[in-house]
Amino acid sequence: MSTMKAKASSGGEEEASGMKSETLAESDRLGEVKRGQVILVAYLIATLELTFLFMQLGVMPYLAKSLGLDSVGFGYLQTTFGVLQLVGGPIFGRFADQFGTRAALILSCASGSAFFLLTSISTSIPLLFLSRLPTVFMHGLPGAQKVITDLTTPSQRADALGKLGLCFGIGIIVGSALGGVLSTKFGIFVPTYVGLVGNLINTLIAMVWIPLQAKPKSDHHVTEHSTSQSGSVFSIREILRLMKFPGVMEVFIIKVFAGLPIGLFLIMFSIISMDFFGLEAVESGYLMSYFGVLQMVVQGLVIGKLTNHCTERTLLRLSIFVFAGVGLGMALMRTVWHYCIVAVPLVFAFSMLGTITDSILTKAVPSSDTGTMLGICASVQPLTRTVGPTIGGILYKQFGVSSFGYLQLIVNIGLFVYLLKSEIPLSEMKS
């Protein structure tokens, strides 16, 4: 009798255990679905913000000219934008770490609304410069990267971050085309009105669909290295502290210098396309769309597959090697058709470098500091935009277009040799 009772008790325990494991598995599946939905919303927010931004960037030269701003003054306006983005990137990242991703995305979208509102009432040059101030917190792309970083495993991260290139490509193509159509048919301020309404809608999307705490509870670890919750959002010491983790400084320096020559070239591209290639404004627009399509294909289809089959160290070396080849191609190109051919490996290397370095750097710091790290990464392009017009202008005027290619070749050969000889630690931070 006692044996039968023991068997019944044992069977009951096994049944309860099985039911518990099924409940946990179902909960995990539901959690996975919810995480996927939140990531899709982050993609949507980034796409919309980039679309509105590129829509405005296309008409800004004409708006500035209509207010009496000359080319030198427009350069100062662009430099102001670059400096504000440069300063704001790490601060925005710290804000995301301390107050959560939802609060950070709401701040970015609200700042976008303020930017478009001020631009829409810019009837003088001082007001136009004033309209740049909210851009210090306009960081929808790093905000979306933070959501993805919080909700993906380290093995999934590079692929998920790479798909943000689709958002960027859509933003370039749709934003540039829509800005041109709206400004031509309805007036130069209409794209800013659309951007204002769009960013208000984006703010509501972030408030409703991004959870208060996107990061899974299991990821909430406090390590002896992590002090992201302490200190001010504006603490320079806390931001620079991340550079002391193994491999972070080396990878960040590679990220900055590998893409700097091509960044200088792209900043000067509007002038190069007119003077060197002899393109009209419409043809330049087609070339930008071609770039956008290439980026969508590379980041949406190619990078994800490569990250599943190759190590990040291998892909980092590959991107630098391809960049060196791109430099040689740029040095030898003479027509816009040559450039269209060079653009294929250029977009591949540019996209791969950005995705892989972002993935490596977020894994190298505690999970509570990924926002700050992404903010630091996001400051690379504004840094190029800040120093680019001066350095790029000197290179182009003194040595011509080929100088950008030779600089790209020399810098990336040096970085490739360094990567072959130096074993940079790419270990993941244990949270």
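Using N, Cα and C of the backbone, Cβ positions are placed for all residues, glycine too.
Annotated region 'Disordered' per TrEMBL: 1-23, in sequence order.
Taken from TrEMBL, the feature domain 'Major facilitator superfamily (MFS) profile' applies to 35-426.
Within the chain, the transmembrane segment (38-63) has long-range Cβ neighbours (under 8 A, six or more residues past its boundaries) at 74, 77, 105, 108-109, 112, 116, 119, 122, 128, 138, 140-141, 143-144, 147-148, 151-152, 160, 163-164, 166-168, 170-172, 174-176, 178-180, 182-183, 188-189, 191-192, 194-195, 198-199, 201-202, 205-206, 209-211, 214. According to TrEMBL, the transmembrane segment annotation covers 38-63 (among others).
Beyond its flanks by at least six residues, the transmembrane segment (75-93) meets 60, 64, 69, 104, 107-108, 128-129, 132-133, 135-139, 142-143, 146, 233-234, 239, 371-379, 381-383, 385-386, 388-389 of its own chain at Cβ-Cβ distances under 8 Å. Among the features that TrEMBL reports, transmembrane segment is placed at 75-93 (among others).
According to TrEMBL, the transmembrane segment annotation covers 105-129 (among others).
The feature transmembrane segment is assigned by TrEMBL to 160-181 (among others). Tertiary proximity for the transmembrane segment (160-181) is limited to same-chain residues at least six positions away from its ends with a CB under 8 Å from its CB atoms, namely 39, 43, 46-47, 49-59, 141, 144-145, 148-149, 152, 191, 194, 285, 288-289, 291-296, 298-300, 303-304, 307, 351, 355, 358-359.
Here TrEMBL flags 193-212 (among others) as transmembrane segment. Counting residues 6+ beyond its ends, the transmembrane segment (193-212) has Cβ neighbours under 8 Å at 37-38, 41-42, 44-45, 48-49, 51-53, 55-56, 100-102, 105-106, 109-110, 112-113, 115-117, 119-120, 140, 147, 178, 182 in the same chain.
Same-chain neighbours of the transmembrane segment (252-272): 243, 284, 316, 319-320, 323, 326-327, 330, 346, 350, 353-354, 357, 361, 376-377, 380-381, 383-385, 388-389, 391-393, 395-396, 401, 404, 407-408, 411-412, 415, 418-419, counting only residues six or more beyond its ends whose CB sits under 8 Å from a CB of the stretch. What TrEMBL records for 252-272 (among others) is transmembrane segment.
The annotation transmembrane segment is assigned in TrEMBL to 284-303 (among others).
Non-local neighbours of the transmembrane segment (315-332) in the same chain are 251, 254, 258-259, 261-262, 265, 306-307, 338-339, 341-342, 345-346, 348-350, 352-353, 356-357, 360, 401-402, 404-413, 415-416, 419-420; each lies 6+ residues outside the stretch with a CB under 8 Å from one of its CB atoms. Marked as transmembrane segment by TrEMBL: 315-332 (among others).
According to TrEMBL, the feature transmembrane segment maps to 339-357 (among others).
The transmembrane segment annotation in TrEMBL covers 399-420 (among others).
Residues 42, 45, 49, 52-53, 56, 63-64, 67-69, 73, 77, 80, 92, 95, 135-140, 143-144, 147, 189, 192-193, 195-196, 199-200, 202-203, 205-207, 210 of the same chain sit 6 or more residues outside the transmembrane segment (105-129) yet have a Cβ under 8 Å from a Cβ within it.
Remote same-chain residues near the transmembrane segment (284-303) are listed as 158-159, 162-166, 168-173, 176-177, 180, 270, 273-274, 336, 340, 343-344, 347-348, 351-352, 355 (criterion: CB distance under 8 Å, separation of at least six residues from the stretch ends). This prediction places the mean pLDDT of the domain 'Major facilitator superfamily (MFS) profile' (35-426) at 85.
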